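Single-structure report; data block below.
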């Protein structure tokens, strides 16, 4: 029942007070089970059917799908339940206590993006869900901040095919219809150590890596020449060499060298295509030094994403907001949800607050976000 639902600010406060940090380091990583239980209970109180889905390969992480209404199509509102870790020394407030000051709501996850669920729940007070002509789905995912395992697994396993979806990441209520992807790899070269006084008796991994880097930089130039998407501020795929390490002493032939690099592909470029281009670029080194060079993923890859600019979802949201859709360089779960239905990224708060100490969401977003959620539910589930 709606009267069992706490006030908006108390929902928000409870979400922020429930830690759900995602981290690759096991000591920092936390289950989101308590947060999922909170959300599940609230949506059940509103009459939703709730399914909780364990996410394989994670440390006790879960997705939640709340659904109401019958038939095909409908609207999916999605978001992630986890946050990044926090630097205790840089926060001036308790990250897990929602505090309001000077028109801002402070706390870990206020903008990115636990708050979106508080907005959805509050908006549902003013909607008679018994009169929906199409179903409404609420998806809460796990591990977005690390592997995006929750959204990946949900997209792979669900039979759900809504008419459209909105992911409530902090976009300052500016609709986003496309973003680049992200691929990160480790290039590892195994040489053969030896005394530096006799270089011919070893294989210097740093020298081989120097050769490999030359070919990788040629690939970077080729990507810039071949692929363009003018709507992006950087309108081509970027390739960055981010970290390198090799050797242990000046008088030893280097036996191992490791390079970490990333590529941010444009929408429409497939991961197989990019991996093929990288393998082709490194082929001369591999042929010359068989068995000495390997390429390994550092993190699961994220493809680029694009919602067709002429889709009804884009037209409706642009009309409701009086704003054109944008493209951005950061990544979200949209590529995975987009495999189910056309998807936009749109939510309250600024992306500039994501992953920052003293994270906050400005209270000026409260009223327009609530109104927008009501409007999109009316449009896609009542008509």
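Numbering starts at 1 and runs along the chain as displayed.
In case you wondered, yes, glycine gets a Cβ from its N, Cα and C as well.
Some features that Swiss-Prot has for this protein:
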{"type": "BINDING", "residues": "80, 112, 169", "note": "Zn(2+) 1 binding site"}
{"type": "ACT_SITE", "residues": "82", "note": "active site"}
{"type": "BINDING", "residues": "112, 145, 355", "note": "Zn(2+) 2 binding site"}
{"type": "ACT_SITE", "residues": "144", "note": "active site"}
Extra residues within 8 Å (Cβ to Cβ centroid of 112, 145, 355), Zn(2+) 2: 83, 84, 113, 354
Other same-chain residues whose Cβ falls within 8 Å of the Cβ centroid of 80, 112, 169, the recorded Zn(2+) 1 site, in sequence order: 79, 113, 116, 144, 167, 168, 170, 332, 347, 354
Cβ atoms near residue 82 (active site) (within 10 Å, other residues, all chains): 27
Recorded positions near residue 169 (Zn(2+) 1 binding site), in sequence order, restricted to 82, 144, 145, 355 and a 10 Å Cα cut-off: none
Euclidean distance between Cα atoms of residue 144 (active site) and residue 80 (Zn(2+) 1 binding site), Å: 6
Winner by Cβ contact number (other Cβ atoms within 10 Å) across the recorded positions 112, 144, 145: 112
Which of 80, 355, all binding-site residues, has a Cβ with the fewest other Cβ atoms inside 10 Å: 355
Rounded to the nearest Å - Cα separation of residue 355 (Zn(2+) 2 binding site) and residue 82 (active site): 12
Pairwise Cα distance for residue 112 (Zn(2+) 1 binding site)/residue 145 (Zn(2+) 2 binding site) [Å, integer]: 10
